[in-house]
Amino acid sequence: MTPGEVRRLYFIIRTFLSYGLDELIPRMRLTLPLRLWRYSLFWMPNRHKDKLLGERLRLALQELGPVWIKFGQMLSTRRDLFPPQIADQLALLQDKVAPFDGRLAKAQIEEAMGGLPVDAWFDDFDIQPLASASIAQVHTARLKSNGKEVVIKVIRPDILPVIQADLKLIYRLARWVPRLLPDGRRLRPTEVVREYEKTLIDELNLLRESANAIQLRRNFENSPMLYIPEVYSDYCSQNMMVMERIYGIPVSDVAALEKNGTNMKLLAERGVKVFFTQVFRDSFFHADMHPGNIFVSHEHPENPQYIGIDCGIVGSLNKEDKRYLAENFIAFFNRDYRKVAELHVDSGWVPPDTNVEDFEFAIRTVCEPIFEKPLAEISFGHVLLNLFNTARRFNMEVQPQLVLLQKTLLYVEGVGRQLYPQLDLWKTAKPFLESWIKDQVGIPALTRALKEKAPFWVEKMPEIPELVYDSLRQGKYLQHSVDKIARELQVNHVRQSQSRYLLGIGATLLLSGSFLLVNRPEWGLMPGWLMVGGVVVWLVGWRKTR
């Protein structure tokens, strides 16, 4: 470790101890050397004894800075790793930091635009940022070419070395978790950090975010439900993104929405429909739909439209995952726990040798109490969470795409019920899911699949006789090759057997000659001839092994 890394690690450990986070480590895991090390090098009392553990963890991460704040935000979505009181506190982490100097942002923009001054491309560039976060900040301007208002997102200068340095330390600490926590190995801390690293590095590439926004905008083009601002890709680079400036009401400002005359019931239901449309129709969903990234258009409050920004994190599901997920939801709400268990096994989410009866009983035990509530009060997100937590006891592998989906669903539910507390997600989603499943199976789906594949098979039809002939000929050659290899293996086996036999005889003659030479000198040349014969036989055997 470099001196800088040692200093940073020392600061991190002292921060954790000042918030009493060593409480997370069972006393029995702290050996005497570790205790001596802790009190000699890191003597630091808990200065926040009046606060609960979850709050202390949140405050410690906030003190450690942006990389740790985002790590805590990511951990808040992994409710399979933490008890609810800790996960809820981590969800409160705010990714708000002081803005960096606007002149540095201006210099980065000029560098991205080939060294030309900002005035060559933009009018009314505001040196004061509109918003600032740990990874990037946003400035406003107008395009010189058409006068349209835009926002310019710029990555913080020199943020990559800071991220890489802290990630190295997070990896080091993650490797200690299995040694210090009883359940540490099951938590797979290194995999969790690797998942976080991928998400964070992806956020540093604004070309990726630009592509995501363009895709989402195309998916919802002319939709009354969701609007994604236009991206001006000619101006975008890895460190800079330019997109249309939008004006809307923050979705969390319920009072302003009501004052504008917004149809709150329709708005809440559209949030659910937008989510399921992204997941099941498009297989491409905005995975960071927290209230700070969602606005509502001022126009047509009786027919409200969402506006989505910050498309840095997206998720996708393949066709099989979508089908299993939809069938899981329907089976769960029909209380068909056997079907839920079988779907988990069929999908490969749990090992194929899982005892389905035991799995069904575990799901029933955990999930049946949920139905004591009215359907309108049941949380889809918590349904998924309960299923994942139960499945993890049966060695369910972490499914990153499903973790993202569950996090997004919790956001959608939270926003929907904040807007309209009586929102019945099941009533809104069930027709969509049943319609989608019906569209994927049966005669219409088979007919559609055949139509899609027909041009391919028509194109390949003339080649089929030749392909069959080539396959038969290759099969014949393959059989010859197999026979040849089998003969060679048999010859080698015989040769190896002969070699071992000769090596054994040679070694026996050599040892016998040596014994007689020492103990029976009166035998004359006989021991010598035995030794020479042994060497010759041994060499012949050795050559057969070559």
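The backbone N, Cα and C atoms fix where each Cβ goes, glycine too.
Every protein chain considered, the tally of other Cβ atoms within 10 Å of the Cβ of ASP288 (active site, proton acceptor) stands at 22. Taken residue by residue with DSSP, ASP288 (active site, proton acceptor) is part of neither helix nor strand, so it is coil. Feature annotation from Swiss-Prot assigns active site, proton acceptor to ASP288.
Listed in sequence order, the residues of the same chain lying 6 or more apart from VAL138 (ATP binding site) and placing their CB within less than 8 Å of its CB are PRO129, LEU130, ALA131, SER132, VAL151, ILE152, LYS153, VAL154. Taken from Swiss-Prot, the feature ATP binding site applies to LEU130, ALA131, SER132, ALA133, SER134, ILE135, ALA136, GLN137, VAL138, LYS153.
The domain 'Protein kinase' annotation in Swiss-Prot covers 124-502 and rests on sequence analysis.
Taken from Swiss-Prot, the feature transmembrane segment applies to 501-521 (among others).
Taking Cβ pairs closer than 8 Å, the transmembrane segment (522-542) reaches residues 498-516 in its own chain, all 6 or more past its ends. Annotation comment: Swiss-Prot describes 522-542 (among others) as transmembrane segment.
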Distal contacts, the transmembrane segment (501-521) - CB-CB under 8 A, six or more residues away: 527-542, 544
Position of peak Cβ density within 10 Å, selected from the binding-site residues SER132, SER134: SER134
Around the Cβ of ALA136 (ATP binding site), the count of other Cβ atoms that are within 10 Å: 25
Check: same-chain CB within 8 A of ATP site center, minus LEU130, ALA131, SER132, ALA133, SER134, ILE135, ALA136, GLN137, VAL138, LYS153: PRO99, PRO129, VAL154
For ATP, whose listed binding residues are LEU130, ALA131, SER132, ALA133, SER134, ILE135, ALA136, GLN137, VAL138, LYS153, the greatest C-alpha pairwise distance in Å: 14
Inter-residue Cα distance where the pair is SER134 (ATP binding site) and ASP288 (active site, proton acceptor), in Å: 15
